[in-house]
Every structure is written in structure tokens, then in C-alpha cells.
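Below: one structure, written as C-alpha cells.
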Amino acid sequence: MPRERQKRGRRAEAKRKRDDEVGDRTAPKRQKASEGDNDFNPLHSQAKIGDDYIPLEEEPASSMDTPFYGLLDPDEQEYFSHASGLLELNQFETEEEKSIFIERVYEEADGKELKIACSQSCSRLMEKLISASTVSQIKSLFNKFVGQFLNLVQHRFASHCCESLFLRAAPYVTLEMKKNSAEKNDNECEDSSANLRLEDLFLAVLSELEGNWGYLLTERFASHTIRVLLLILAGEQLDNPSKATVIASRKKENLDKPKVTQRDKSASDRRAVPPSFNAALEKMMNDLVTGLDNTYLRALATHPVGNPVLQVLLSVELTHLGKSKARDPDSVFRRLVPDENLEEGSESAAFIKGLFYDPVGSRLLETMVQLAPGKFFKTFYKALVLERIGSLSRNEIAGHVVARILERLSKEDLKSSMDLILPEVLSLVKRSRFTVIKTLIERGVIRGVDLRPLADSLLLAFGTDPIARINNVLKLHHLNEENDDTKRSSKNSTPEQLHGSLLAQTMLKAPGPLSELIQSSLLAVTLETLIAIAKDPVASHVLQDALTLPTSTIQFRRQITSRFSGKMAELALDSSGSHVVDAVWSATENLIFIKQRFAEELLANERPLRDSFVGRAVWKNWSMDLYKRRRGHWIAVAKGLESVNPSNSENRQPPKSNLDLARARFAEKSNTSTPKKISATF
């Protein structure tokens, strides 16, 4: 007969009490080590926390409240892991073969979708399947998740599957709107789930999560899902790079998503959404903040989990619900900042001042600065920023907010702000905090502000010696230590090197003394230092911009390119230096003799270049095969007179001589004259 669990419970209770006593004695030491971030001793925390306290991690829910969907058996786990590997390799011969494989995986996963989504090893497979699924497959999977979303969005692994499902289904909602309601025949799947509308499925998700928004707002995993739903309902372009950090955290791996380097033109357009989404969006936003008082709402601004959700709420409110929404007393914006005048000592002014220096809250303040109505921004700038912009720019955190403020200033305000920031340039350079300086240069070029005072301040800060100046900007002493034929990577570079390189690139884009500061330094450094810059993955971008930007004169390009003589093959075989060699091609467009000399140097090293991956790219970009076989055509291409494409060169007509032009005029005159009638004799 089994024993009762009561006796074991008493032992566990006694042990728990002993552990608590030991914990109480060692609590001060733990607090000192962790600085009180993870100390949940109620006796110690009671005196510090207030009504606006939001714990970072709630106590885990009881196992009885969290449903368990079961585990995959070893054979199933092995099969799905193998399928995940095949999808990762993506070595299918045709798209039809891939679609058949995905259909087979779905058949094998029938009835096990929830197990796979909650599996640590197989949830990645679910994400990959979703990214390659058809509309009918998306609807079928969506329908099987309905009723379980409240639990799935809070799960560590299943929450990522939910996000992928929502992001994949969002574009099809727009397509469904454009289709005729009579078109219901789906050749891919005749299941009843194929006739479901994704619009209704999304509304079912909102209905399922309704009533739990207050808790999900600060839930570690569900908060990401809330952001995705808000953006989908608002019709935002989900492939916009600016939304990448809002949708997912920096730690999330982008599975099967192409990297977007620049913003697409279509990204600025809103997706068409059904009218029910607009109503659902307003209701969801109201439900998210209705039960929260102003104190709790402001506490979310500095909460690591709640802050990104608050950013999305604020951006959607100010961009999709109209600027007039900001005047509504019940709006998120007005509840955060109820005072319009922002007088000194007011509650709103104190709240905003605190956000300037908070590493989490400053991100919300950046969103407010970017999207706030013009009237509020002018009041905010004059009341809280104008007199303090110099001291704010010195701070590492507040400097990012200052950069956003500079982006909205007019020419006159930008000039006055620059005058207040100039005394702090020396301090900013010593601390390698170039964000404000970089933004000043960018906005000064756009607004047409005279940047010579800033150039003089940078000259004093970096040094009048051109060699020492480029060393201070790019931190070249680190390059000298690493210049030992060792593999370098941009991941190994320090933040100071990266920010210095970005500042130098920005200075090169400004015509006048700012670009001359960098150009003169590049001409003054030794050849070894110049080659080290060209081979560095971070600093080489400065050299590429110096060679290709319109601010570089032909005299500078002639002087800088001639220094690479004898080093072209060495640079062409380097992963970073090869990009500099490509930039030399563009820089020598009007310097054909220098370009020919470099081509001869590359031709002499043909075998090493062809054996190297980056070398083959340089060989192709310099059209060296054309240089070997058709030297005259290569010269025309080098001058920009002809295209490299042989088909274009064959269709190209050579210029007509004066004799050919005279013959053409005579032939045209003969055709326009009245033809003679010739009588035919029979």
C-alpha cells in the first residue's frame, strides 16, 4: 500500500523553512552582487516599490493552468528534425518538388501541430514550414491553433510559431479583399478550412485574447505577439527594416527571411486591410490601456518588456488614427503627457526629463519626438531642450534623443542648436560619442547650414596633424596591432572603430572643409597605413567613399589612386581590399592611363586571382577577359562609352563619318523627290 504524501510534505516544509532562514541571512550579500535587480525579498522591497512598480518576471503559473499537449516520440522527433535540415539546405531541384515535400510533412504532422510548436527542437521546423506554405495550408494550420492561442503566445517556442503564422497570413488578407467572393474554388485543397477567411481567423484570435491584454502586455513572450497583431491590424508594411526591431527582439533568428539593406519604395505604402480590422484595432488599443491608470502607463515607459509595446501603440495612434487623436484626453499620447505647455515643475515635464537618461525610456521618447504633432514638438523643444541641448548631447543615452530632435529642426533652429553643441565637441570626441556630431553634419547638408564652425571644432578636437587626425578618427593603432596576416572581421571591431568610421563617411559626404579633413589625412598617411585601412572591414568603407563620392575632386582621385600602384593584386585577394579595388575602377573613369596600368598589374596576377573567390569577383568587375581579347573595346568601356554586355556592344553602331553623313543626306533627298515614271513595254 503506498504511503501518504503528508509525511514527505512535512519534511519538504521543514527543509523549505531552513532554506528561507539561510536565504534571509545571505540576502544582503546577494543584493550587493546583483544590485537588487533580482531580489524579491518582500521585507526589503516593500519600502522601495510603489504603485508604479511592475515586476519583470511574474511567478510561474501553476502547472494545472498551463495545458500540456504531449511530447513527440523519438521516431517522430527524428523525422521532423531531418525534415527541418532538408528545408534548411533548400536543395530541391524544382519548386514543385519542394511543395510536394512540404505537403508530405504536413500530412505527417497532422494532429501533432501543437506538439511540434511547443517542441524545443522541432518548433523551428514549424516556422520554416509556415514561411513556405500556401494559403490553404496557412488557413488549415491557423484553424488548428484557434482556441489555443492564449496559451501558445505565452510559450517560449510556440510564440515564435504564432508570430510567423501571423506575419505569413497578413499579406493574404489583402489578397482576399481583392478576390471576388464568388471565387471559392481552390484547386490545392478541398478541405473546409480552405473556405475560411483569414480575416475571420484574425478576429477569432483577438476574441480569444480579449480580457487578458493587461497581463499579456508585460508577458515576456506574448508581448511580441501583441506588437505583431497591432502592426497587422494597422496595415503596416511588415517587411519594412524600421519595423524589424519592433516585431522581434535582437536575439531572434531570422529564419528564411531575406535581409533588407535599404528601404523599398513600396514599404512606405500601407497595406489594404478590411474595415473590420480598423474597428478591431481601435478596440484592441482601448482594451490595452483602459484598465491602466496614468501612473502604471508611465511605468511601462521604463519597463523592458512593456516599453516596445507602448512604442507600437504610440506610433499606430499618431500615424493611423490621425494627429487629432493626440488631443484626445483618453489617448495614449495625452495620458503620458497631459500638460500641453510642459511648464517647469509640471508632472509631464518631470516625466519627459526622466526619459532622456533612461536606457529603456529614451527609446519611447525617440518615438514621441519623431511622430509627435508639430505644435507639441515646438513646445517640447523650446521648454525642455533648447537651453539644455549641449548638456544632453554629452550624455551617452540622451544623445540618441538629441539626434532625433535635430532631424526635425528647421534651418534656423538647427544653426542655433549647433552653436550650443560646438563647445561640447571636444568632450564628445574624447568619449568617442559621435552620434550627435554625425546627425549635425547630415542635417546641415540637407538644410544648407554653414558647417565651417563645426569643421574648425573637429579640427581642434582630432588634431591639426593629418596623420594623427585620421588615427584618432579611425583608431588606427588597433589596426597596427592586428596587421599580422590574421583574419579580421567586422564583429571583432570595437564600437569606437565603428562609430569613427561612420563619422568619417559622413564627413566625406559634406562638401567643403569637412570632407577635406579626411581626404588630406588619407593622402598624408604612409603606404602601409593606407593598405591597412583598405584591408580593414570597418575602415575600408571610408576609403571606398573617398574614392567614389562626388565630393572627391579629380586631383584628389589622381593622387590617392596612384598610391595603390603595385598593391592592386594584394588588395584584390583580400575580402575587404577587393571592394577598394572595385572603387578604384569608378574613381579612375577619367584617368584612363592609371586604369590601364592597374589592369596590367591584375593581368600579371591572373592565376592567383582566378583561384580566389574575391579575386574572381575583381576580375569580372574589371572586365579583364575583355581586356585580354579586345583591348580597344575595354578602353571604351573604361571610359564609360560602351557597355560591358557583348549583346549591347554588337548592336551598337559605330559613329558615322562625314562622308557617311553626306551619303545619308543624299539618299534621304532622293527618296523625298518625285520618282520618275518608267513606261513598260509589252
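From the backbone N, Cα and C atoms, a Cβ is placed for every residue, glycine too.
Remember, it's a predicted structure, so these values are computed and weren't measured experimentally.
According to Swiss-Prot, the feature compositional bias 'Basic residues' maps to 1-15.
Among the features that Swiss-Prot reports, region 'Disordered' is placed at 1-46 (among others).
Annotation comment: Swiss-Prot describes 16-35 (among others) as compositional bias 'Basic and acidic residues'.
Under the heading repeat 'Pumilio 1', Swiss-Prot lists 108-143.
The region 'Disordered' annotation in Swiss-Prot covers 249-272 (among others).
Here Swiss-Prot flags 250-272 (among others) as compositional bias 'Basic and acidic residues'.
Note: the repeat 'Pumilio 2' (347-382) comprises 30 helix, 0 strand, 6 coil (DSSP; helix = H, G, I, strand = E, B). Per Swiss-Prot, repeat 'Pumilio 2' is recorded for 347-382.
If you look at the repeat 'Pumilio 3' (383-419), the same-chain residues 6 or more away from its ends with a CB under 8 A from one of its CBs are 341-344, 349, 352-353, 355-359, 362, 365-366, 369-370, 377, 427-428, 431, 433, 435-436, 438-440, 443-444, 447-450, 453-454. The repeat 'Pumilio 3' feature in Swiss-Prot is assigned to 383-419.
Under the heading repeat 'Pumilio 4', Swiss-Prot lists 524-562. According to DSSP, the secondary structure content of the repeat 'Pumilio 4' (524-562) in residues is 28 helix, 0 strand, 11 coil.
The feature repeat 'Pumilio 5' is assigned by Swiss-Prot to 563-600. Panel annotation: around the repeat 'Pumilio 5' (563-600), residues 488, 527, 530-531, 534-537, 540, 543-544, 547-548, 552, 554, 557, 608-609, 612, 614-615, 617-619, 621-622, 624, 627, 634-635, 638-640 of the same chain, lying at least six beyond its termini, place a Cβ under 8 Å from a Cβ of the stretch.
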* To what whole number does the mean pLDDT across the repeat 'Pumilio 1' (108-143) round? -> 92
* Structure fact -> Same-chain residues at least 6 beyond the ends of the repeat 'Pumilio 2' (347-382) with a Cβ under 8 Å from one of its Cβ atoms are 298, 301-304, 307-308, 310-311, 314-315, 318-319, 323, 326, 333, 336-341, 392, 395, 397-398, 400-401, 404-405, 407-409, 413
